[in-house]
Ligand code: BGC
């Protein structure tokens with residue numbers, strides 16, 4: 001990797017699907033994998049995929065004798081196709097030439113993907129191909145590419161083709177291939193004017209329509225050729241063809257500008273109409289590139305984390321910010337979409353929205369909070385569905401789905417395939433009720449970072465109150481102990497979904513779930529002192545919350561049960577965790593490496609991961625990740641548990657030895673919780689998290705979509721854990737302890753409507769405030785509170 005780019009200088013077919021995911025270009029509205037222009041979905045090496053933010057469709061499949069409905073992120077028509085051939089011969093394709101030289105570069109600063117291939121065909125003719133591509137960050141509907149071929153040692157007649165290909169299905173994830181995959185039907189295709197062709201498709205169930213219009217222009221030796229294309233049409237496919245004379249040494253260039261509009265867009269009349277009208281207004285590739293670069297520059301001005309003293313960290317963090325901003329950007333606002341766990345970069349997890357927001361929003365809150373607000377509105381708009389889900393399960397309030405898609409119903413799959421055994425098994429991970437707490441946590445922390453009182457009063461508070469009500473009705477009083485319990489749920493660790501040898505699903509009293517429920521209830525009660533009395537009363541009436549409800553909330557927030565391992569201060573992951581068997585880590589790690597999917601491995605061996613003290617990911621440790629020790633201890637104190645800060649390292653050590661890191665989120669949490677107590681181990685975990693996607697440490701999963709939670713989580717670790725950033729009592733606290741491996745950090749933060757610049761080294765920290773302020777801000781550094789006013793700059797000695 002270079003400072004601002006990923007460069008591949010060898011053509012390695014078996015790495016191609018991974019590279020396609022990592023070289024995806026997107027703008028928060030659409031995204032297209034970094035597939036080659038001449039490739040179709042074929043031979044497990046190439047998978048062009050174009051995805052629309054929130055572009056879902058449902059299909060029913062028959063699997064293992066059952067009818068199953070899944071909602072998928074749809075693979076839309078491929079706008080990339082361009083290729084050439086010598087008249088009458090086979091079309092150029094990377095797989096049928098000898099590659100003499102290869103370079104592909106993803107330039108993150110400018111948001112471009114470029115490829116150079118020097119190749120020889122079976123007749124000894126050598127040629128050079130150069131391509132450049134953008135998915136415009138300036139105009140969300142625009143994607144454009146430039147394709148240039150130079151004959152090196154030959155001249156002759158060639159044919160060029162450029163197409164829009166709607167004959168696509170969803171086949172990007174091997175383990176879903178037995179399921180129904182034909183999401184699109186073609187409505188229309190043809191020629192719009194001399195230079196432009198179009199294709200209109202629609203999803204078969206959700207009826208989302210997309211129009212793509214492409215303009216193609218050919219340039220010979222740098223000049224517009226004036227040659228107009230012939231059009232070839234097939235059902236679902238439209239192609240422009242050019243016949244040209246290629247001359248040795250003279251480049252032959254094609255520019256393809258594509259506009260994509262859908263029936264979900266705002267400020268439009270009809271997708272095809274808008275696409276056609278606007279394509280005539282588009283400038284050439286160079287012009288589109290220039291405006292696109294400027295849009296990226298504006299984003300980088302605000303979002304770059306400069307860690308120039310560790311170049312490797314610097315460039316990987318940039319990759320992570322880059323993909324985050326390609327998934328959600330200013331263009332996401334008003335689209336009514338959530339942030340998908342795997343980006344819009346592939347079909348893994350069907351583009352669904354999970355709790356991964358918890359790892360993603362902190363970065364957005366402190367840089368582009370308008371995006372968090374929009375993503376929280378995605379949840380708010382699905383409150384009614386969450387209320388119905390709670391009601392249908394016998395509870396009150398709002399119960400959000402573990403996996404969410406179009407309308408907020410539960411989208412978790414009912415059964416899933418273990419590729420290791422070939423068996424279809426029930427998937428009970430939907431019992432992760434803690435997702436609702438993540439929504440509440442995100443609301444509160446967005447408010448803390450922005451002080452957006454309008455959002456809190458009119459949307460956030462309603463979410464918090466309804467989620468608190470859910471927890472207060474799922475919690476049951478155990479008359480023997482006098483404590484409240486939450487039964488039949490699953491915690492963040494997805495390896496444990498039931499007790500071994502039990503017929504029932506779910507576990508009792510997952511500590512993380514119970515503590516978060518208490519936190520949500522506390523915050524909901526606290527709202528009374530934060531928002532206007534009249535609004536609070538209004539909400540109580542709207543949500544049918546009675547004084548009795550509030551009294552019960554109060555009681556639960558003092559008497560929730562939290563399990564501990566017998567005779568220790570170790571928080572038990574759930575009731576009965578003590579009874580599980582210890583796992584033979586050494587043998588399995590030696591065989592399968594550090595990060596492993598033990599659930600799949602053990603099931604394929606006829607065993608069951610539920611039997612063991614073996615977690616997929618951080619579960620109890622999530623508590624130390626989300627809360628400062630002060631905040632956590634105060635929750636335990638209120639619950640009347642004698643939990644001391646000295647016990648935290650023992651808890652970390654206990655679970656560290658029993659975690660397989662089968663989720664990329666896990667390393668983030670472990671790096672975070674060790675950041676102050678064991679800096680070396682924290683850094684080792686951070687480095688693993690950093691490499692999750694770039695090196696595909698889960699062995700093949702990144703090709704199906706990036707892991708956005710881990711990507712954003714690494715950036716947030718640098719931004720908050722290593723700077724000791726915390727918002728408490730209306731003060732922005734900073735207490736930087738930079739890792740030895742990364743002794744400098746410069747970044748900008750957005751805090752409560754103000755931009756501030758931090759320049760940190762191991763010795764000092766300079767805080768500079770931008771102008772344009774409405775009021776003072778309090779910043780706490782190493783225990784002292786300072787007031788900052790417009791234009792202030794202060795320097796602090798932070799040597800330890
Ligand atoms: C993890 C979940 C996560 C999901 C989506 C799963 O493998 O266990 O915690 O939400 O992936 O990233």
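Just so it is clear, glycine is given a Cβ too, placed from its N, Cα and C backbone atoms.
Residues annotated as active site, proton donor in TrEMBL: 494. Annotation source TrEMBL lists substrate binding site at 355, 356, 616, 617. Summarising the annotation, TrEMBL assigns domain 'Glycoside hydrolase family 65 N-terminal' to 8-264. Residues or ranges marked as domain 'Glycoside hydrolase family 65 central catalytic' by TrEMBL: 318-715. The domain 'Glycoside hydrolase family 65 C-terminal' annotation in TrEMBL covers 725-787.
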Close in space, distant in sequence - residue 616 (substrate binding site), Cβ under 8 Å, 6 or more apart: 493, 494, 495, 597, 598, 599, 659, 660, 661, 662, 663, 666
Sparsest Cβ surroundings (other CB atoms within 10 Å) among the recorded positions 356, 494: 494
Cβ neighbours of residue 617 (substrate binding site) where a neighbour is any other Cβ within 10 Å: 23
CB within-chain contacts under 8 A for residue 355 (substrate binding site), separation at least 6: 402, 432, 434, 435, 438, 492
Residues of the domain 'Glycoside hydrolase family 65 C-terminal' (725-787) by DSSP state, where helix covers H, G and I: 0 helix, 38 strand, 25 coil
Secondary structure at residue 617 (substrate binding site), reduced by DSSP to three states: coil
Env. residues of substrate site, Cβ within 8 Å of mean position of 355, 356, 616, 617 Cβ: 354, 492, 494, 663, 665, 666, 709
Pairwise C-alpha maximum, in angstrom, for the residues (355, 356, 616, 617) that bind substrate according to the record: 16
